[in-house]
Amino acid sequence: MQLLSRTLMQLLFLALVTLLGITSVCSVHGFQQFSFCEEELRHYRDETEQLFRHAYNHYVELAYPFDEVYPIKCRARTRNFEDPLDHPTNDVLGNFSATLIDSLTTLAVLGDVSAFRSAVRLVERDLQPDFSIDATVQVFETTIRILGGLLSAHLYATDPTKKVYLGSDYDGFLLQRAQRLADRLLPAYSTRTGIPLPRINLAHGLRHVPATLQQENNAAAMACPMLEFTMLSYLTHDDKYRNIARYAFDVVWSLKSKLDLLPMSFSPHDGTPFNKFTGTGASIDSFYEYALKGAILFDDEELWDTWEGSYYALRKHSRNDWFYANIDVDSGQVITPWIDSLSAFFPGLQVLAGDLEDAKMKHLMFLKLWNTYGALPERWEFQPQDLTGESPQELSCVPLPWYPLRPEFIESTYFLYRATKDVFYLKVAWTILEDLKALYKTPCGFAGLQNVVSGERQDRMETFVLSETLKYLYLIFDTHNELHSDSSNTVFSTEAHPLWLRASDLAAYKSCRGFNNSHNDTVPVLSGEDPKESFFVRLLGAFMLSAFPKAQKGLRLLPLNQLSAKNGGQLKPQSSARMCAISPSSSAAFLHSSMLSEFSRLFEIEHRYSETLLRPRRLFHRTQMELNPKFYETWSGWDQAKLHDGMCMCLAAPTTESYEMLFSEALSDLEAPDARSARQVPLGNGTVMHRIELAVLAGVRLRIEVLLPGALDIYGRKIEQSLFESISRENVLDKNMFDVSDTNAAEDQDSSATSMGPLYRATAVDGMMLPFDGVVHLLKLSALNSESVSGGLLGYNRENMLLIGGVPVINLLVDEA
């Protein structure tokens with residue numbers, strides 16, 4: 001007791017000295033680097049703002065009213081007028097001053113009312129009011145960048161609590177422009193399935209879009225206009241935007257496989273999938289994002305259920321220790337050896353969902369990539385290619401080597417810092433800030449990399465650099481930003497535009513909402529249909545009959561069961577995931593970085609992926625951000641490690657082998673859907689559970705560690721030989737193993753049943769990690785059906801441990817045995 005009190009007093013004294021010292025340094029001598037006091041954070045915030053103004057001002061001076069500025073050539077970048085099939089260029093460049101509109105909310109976040117007002121006036125003066133622009137654009141990109149930017153700017157301009165509130169200087173025209181743009185985009189939804197075509201010509205509709213550009217659309221693009229369109233309905237009280245886009249979102253989710261995994265792309269004409277794999281990156285990312293954020297913003301139970309079901313399926317089938325892999329939607333097996341940079345957003349979404357501990361691990365993978373390349377390559381391979389005769393240094397591990405200054409890694413860093421306040425993430429942000437200044441800043445903006453290995457530059461600055469990348473970086477350092485003291489339901493759109501619903505807006509919507517069909521004369525009719533019955537007329541009929549969006553007969557759309565014949569009888573997880581993980585508290589949390597001082601796997605990634613995590617020669621001098629000497633000495637707690645057992649210690653690499661085991665649905669006597677429901681594993685309070693209960697084995701995914709005497713396990717412990725001497729290998733379900741009346745045979749059997757051989761340990765169940773003392777309970781003996789037992793595949797021993805192929809699983813117990 002006295003020792004505990006003495007230790008506590010030491011900690012309190014150290015805390016007081018540290019805080020007084022930092023305060024003194026900050027107030028008298030400017031600041032001590034990496035103290036991260038208020039003055040230092042303001043300095044980095046101001047540096048980030050200067051970077052934004054450098055790029056924004058050059059755009060306005062050199063390129064406005066065109067869409068982008070060349071950061072190296074220092075002139076306007078426009079769409080390819082000569083080649084309408086150049087969709088990589090033209091999809092996002094619609095001649096609607098894209099950089100200006102996408103930057104409106106960054107000006108608002110900066111709190112610069114003068115610059116915000118000036119930018120809004122430019123939009124009012126120069127942007128074509130009805131968007132009748134002869135430009136074929138991508139519906140998704142135009143929605144998130146332009147429509148979302150207009151909506152968010154309107155919210156800022158009309159909210160008296162915001163610094164950039166415009167009051168009587170603003171007449172609501174941004175919302176009017178947003179509505180007119182949406183009316184131009186809506187005809188893309190006039191398909192038999194109700195899911196949108198990828199592109200539309202703003203002036204001429206669908207007739208001027210080549211059919212070759214309309215054959216495939218990805219899941220994110222088809223589903224995700226839902227958030228902005230629903231927000232538009234709430235603000236205009238016109239429900240057609242919400243109904244149309246929400247129906248498309250629901251149809252997309254209905255196209256999931258029997259494992260509740262959603263393919264990445266489909267035909268918008270009949271819902272046929274173009275591929276059979278999924279993950280968390282490009283083409284699918286925003287689907288998960290808007291399911292969760294839509295549930296928060298609109299208090300929507302059905303969207304929450306979609307998020308809960310989709311995340312459960314990902315966690316079960318796709319989750320690995322350090323990333324979510326791309327997997328086959330029907331089998332759940334990994335099918336590509338790479339991850340892409342857009343999936344770096346997912347840890348931030350996990351933070352929003354409350355799965356904080358897993359978010360930290362997934363974020364660390366992208367941190368190591370940034371350490372390696374000073375960027376995130378578009379794709380990085382985690383498995384080495386079998387290329388004989390080439391040295392590891394020459395092995396290409398980045399099949400798509402460019403980095404266009406995407407924001408996703410910074411976005412996740414922002415959410416993790418806001419949730420943990422761990423200075424570790426401030427150091428990440430500082431590193432990115434320094435890299436932006438040293439590696440990416442150009443005379444007229446910021447240029448990404450065409451090749452992260454060679455360092456070849458890319459003369460382009462996409463609008464998201466100003467809308468997202470610099471906005472999230474600014475917000476990390478601006479700890480007192482008004483967004484951080486707002487208790488509303490504010491969420492960031494996928495383009496980082498803040499969106500929120502005021503009580504007055506919600507009340508007005510509920511009392512005034514209707515269905516405006518005034519734009520049906522602009523909608524082209526699908527071939528073969530009665531021209532007197534346009535899409536919007538059919539849609540209006542369904543709305544008036546209150547048959548939307550649940551019933552499809554009023555729309556004459558393909559029934560959902562025709563789009564996917566495999567999805568009948570699917571059940572959402574029985575247990576709710578509405579629980580937030582609470583990070584283990586530390587007595588030294590306010591003195592040290594938890595990630596530096598207590599996370600024991602901080603350098604495991606370098607060891608595990610040493611064959612492909614290869615630093616380019618041009619960056620050999622680069623120091624790992626977490627090992628900067630001054631930062632590490634200040635925040636790791638290495639000098640006080642003796643006060644905290646295990647502090648500043650990393651686990652040695654395990655010498656055991658692990659593999660995944662997926663039990664077939666045929667392993668259970670119980671039939672679906674009851675079996676599928678019974679085996680659901682709850683998310684629980686975090687990503688680690690000490691006890692998991694299973695009613696059946698059907699469909700369960702186990703991670704098995706093979707234990708051998710003297711080996712080092714994944715928990716950093718040596719496996720003792722005594723463990724093997726005490727565990728029986730006798731399958732008590734096998735009646736024919738020996739005659740119990742034969743005493744000698746029984747003794748021989750007992751001896752052989754405990755003979756040396758490997759043991760198994762379950763370390764994860766359906767993506768849920770087990771701690772060292774974690775136990776899985778199989779609740780029903782009927783889960784071991786007779787066929788599996790008679791074939792020798794399954795059984796259990798005298799200690800009720802499950803036997804798989806005769807090998808005991810030491811922490812998987814069969815109850816009711």
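Heads up, the Cβ atoms here are built off N, Cα and C, so glycines get one too.
The signal peptide annotation in TrEMBL covers 1-27. Taken from TrEMBL, the feature active site, proton donor covers Glu141, Glu378. Per TrEMBL, active site is recorded for Asp285, Glu408. The Ca(2+) binding site annotation in TrEMBL covers Thr494.
Sequence features, as recorded in TrEMBL, placed on the structure.
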residue : record                    : CB count, 10 Å
Glu141  : active site, proton donor : 20
Asp285  : active site               : 25
Glu378  : active site, proton donor : 20
Glu408  : active site               : 25
Thr494  : Ca(2+) binding site       : 24
Discussion item. Between the Cα atoms of Glu408 (active site) and Asp285 (active site), what distance do you get, rounded to the nearest Å?
Written reply: 11
Worksheet item: In Å, rounded, how far does the Cα of Glu141 (active site, proton donor) sit from the Cα of the residue listed as 'Ca(2+) binding site'?
Response: 10
Worksheet item: Thr494 (Ca(2+) binding site) to Asp285 (active site): how many Å between their Cα atoms?
Response: 9
Worksheet item: How far is it from Glu378 (active site, proton donor) to Asp285 (active site), counting Cα to Cα, in Å?
Response: 14
